[in-house]
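Feature annotations, reproduced from TrEMBL:
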DOMAIN    8-224  domain 'Cation/H+ exchanger transmembrane'
TRANSMEM  22-55  transmembrane segment
TRANSMEM  117-141  transmembrane segment
TRANSMEM  162-188  transmembrane segment
TRANSMEM  200-223  transmembrane segment
Amino acid sequence: MVVWVTGKCNNFLVRRTREEPAIQILISLLIPFAAYLLAEAFHVSGILAAVAAGIAMHYEQLSGPRLPATRMKSSAVWSMLQTTLNGMIFLMLGEQLPRMLRTLPAVASQAGVSSPWYLLLYAVAITLALGLMRFAWVWLSMKLTIFRRKRRGKAITVRPRFSILAVMALAGVKGSVTLAGILTLPVVLADGSPFPGRELLIFLSMAVILMSLVVAAIGLPFMTRYLADDLPHDTSKDDIGAVMTEVAINRLNALLDEPVEDPSEQALRADAGNMLLETYQRRLHYNDNDEGQDVGLELAKRARLEKYMQREVIIAQRQELFRLRRAHNISDITFYEVLREIDLKEESLR
């Protein structure tokens, strides 16, 4: 609800003013906090509300285009924030673990067991149960995906083999949401008494997270070693590239057919459009060519050489730009504007 209302208001304002990347990024950062506070006000899980808000934000972004600058800056900010918060979560895990080990006998006594080893057995049992639940969920998800593809008449490229299901179940292990949710438990109740079972819940959560990470770290490299032959070659990027090329050709043809009053502009438009058309048609020809692997290998070699030469040109341009700035031949504003354009060109070659 928070994402929907915020998205509608934001789109309304953007349509009537203009899109400012910094403001859009700030809104995207504040939405999870708003969802968390609203959920806490209704005495439900704020952590799950923030997670749901993040999922809703993903789908809300698909409703309409944003400026390229907004997408690139937002991606950089969220990548940095994700790395920072993940590091903080596991820093808290490492900070809490020694204290939990020292208080383990007392926690075992509160749990009503005679030995702390029983708590470790509980953690192992929970880890196994979670692993089975993940495996069952992945299996069910793949079955539903295959069922939907069959109904739509699409080809089935992957079968739900055990190795694929196991890798997908192990690869999803994180623990950040679990730890964040557990650490939000209050230390004391309203009457001042300690929250019952808080230390036990924190210990079991940390133990399950650590066991899951260890199993994933050991099991994934071993299992993926035998997985390469089970997975088909992903051609989705090639397919969408061909679709995008056809869209570009159709749009260029439409632009060339538009009437222009100025004859000189018409000639320039035709010259520029035909050059672009030749480029896109050559790409489409290589994608559709079935003469064998020679054309594909030649195209790949040519693409590598083009990228190499483009990078060398960009390096030379950047060095000259820095030299001009050090010599005070250009201003800071011009320097950063041109540098950003050069950086974007280099990033597009990755």
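Note: Cβ is positioned from N, Cα and C throughout, glycine not excepted.
Source: prediction; values computed, not measured.
Only residues 6 or more beyond the boundaries of the transmembrane segment (117-141), in the same chain, are considered here, and those with a CB under 8 A from a CB of the stretch are 104, 107-108, 111, 160, 165-166, 168-170, 172-173, 200, 203-204, 207-208, 211-212, 215. Panel annotation: around the transmembrane segment (162-188), residues 45-48, 51, 85-86, 89, 92-93, 131, 134-135, 137-139, 142, 194-195, 198, 201-202, 205-206, 208-209, 212-213, 215-216, 219-220, 223-224, 226-227, 230-231 of the same chain, lying at least six beyond its termini, place a Cβ under 8 Å from a Cβ of the stretch.
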